[in-house]
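Enquirer: Okay, so TrEMBL annotates it like this:
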type     : residues : note
COMPBIAS : 357-366  : compositional bias 'Polar residues'
DOMAIN   : 1-91     : domain 'THAP-type'
REGION   : 357-376  : region 'Disordered'
Amino acid sequence: MVNSCSVFKCHNKANKSDNRKFFRLPEIILHQDDRTRELSTERRRSWLARLGQDFTGKNLSNIRVCSDHFISGQKSALYDRENPDWAPSINLGSTASTPSPLVATGRFARRRARSEKCEAARVLLSIGESCEPSLEEEAGTSSQTDLSSLVIDSVFNELAHVKKENDSFREQLKTQTPYCIEFFKENDDKVKYFTGLTSFLVLMELFGYLEGHLPAKVLLSKFQCLIMTLMKLRLDLSNVFLAYQFSVSTSTISRTFEDYIHVMYHRMKPLVYWPDRESLQKTMPMQFREHFGKKCANCFEVFIDKPSNMLARAETWSSYKHHNTVKFLIGITPQGNYYMSTRRVFGDIQCIHVNSKQSKNEQPQSEHLGARLKKT
């Protein structure tokens, strides 16, 4: 059933393309105290009077009023009796006469200001009654004006002290936000431990280089998302641990890591320098030559579950491992750092074919180590 507004000459209907809201006719609340029952009854009667129509024989539960008939765009709370949006008040057609929105809003503001002043006066009186009557006993004839001024001064001093503490707590809260910029500022040791970068200046340069291309998240800032991604790469932390650290769900961590890795790959790929083969051979450490020679990469297989599809089962079967596997070609630098990985291939592909294909497409063109796999 499509919701439509019941106000005279209003033809608004529920539509997902706009943000218009529709409110039901208030119900009479009977299961609470007497004041709630009286307010809900009065409010329901006021709504029907504002609509000004004959609903005899009609189902009142189907009555809807759209947000166009409220000054703020939505109805107020039940106990906010003086609010002009306690009942629909604008664009009611020719069936109801209500004050203009400016008049109603001004009247509501004045009433709220008076109520706040009355509440403040009651608080001051309660504080004055709770004070020790030592002043009157010592002075003998103290005036009520003097006592009130002393109480007021003490209240204002207390408010100033509370405001100062509140500002201090806000500043502390900024620095306690998990892994924000202030957390790493002027602390290169933290930057190096959590991200692997050498200094805070390098971290901010990297963030400035990527910021315009990083997707925005609701719960985390772009800087926090980048730090989370670098922490996962640097420390190999689990998604559960990172979710607790950043106060988000594990699915948020997983999606953020995938999105940011994609951006970092495309934006930082030009920064990776691939030396030619002659430069590698000239600069290769002697220990690396002695133990590994020219072998810079290797194929390895990962066991997988048996696929239900017969074609996939045949393609992933490795007669060398006697199991369903997939193969990857990985490479390391002479310093022992991981630098490359190919896409996965099926287990029945020979590793020498993977190596040959990789050496044609990737630089540097070094000799690769093939597994002892015979052609089947």
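Using N, Cα and C of the backbone, Cβ positions are placed for all residues, glycine too.
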Enquirer: In this predicted model, what is the average pLDDT of the domain 'THAP-type' (1-91)?
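Expert: Within the domain 'THAP-type' (1-91), the model's average pLDDT equals 84.
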Enquirer: Using DSSP, what's the helix, strand and coil tally for the domain 'THAP-type' (1-91)?
Expert: 27 helix, 8 strand, 56 coil
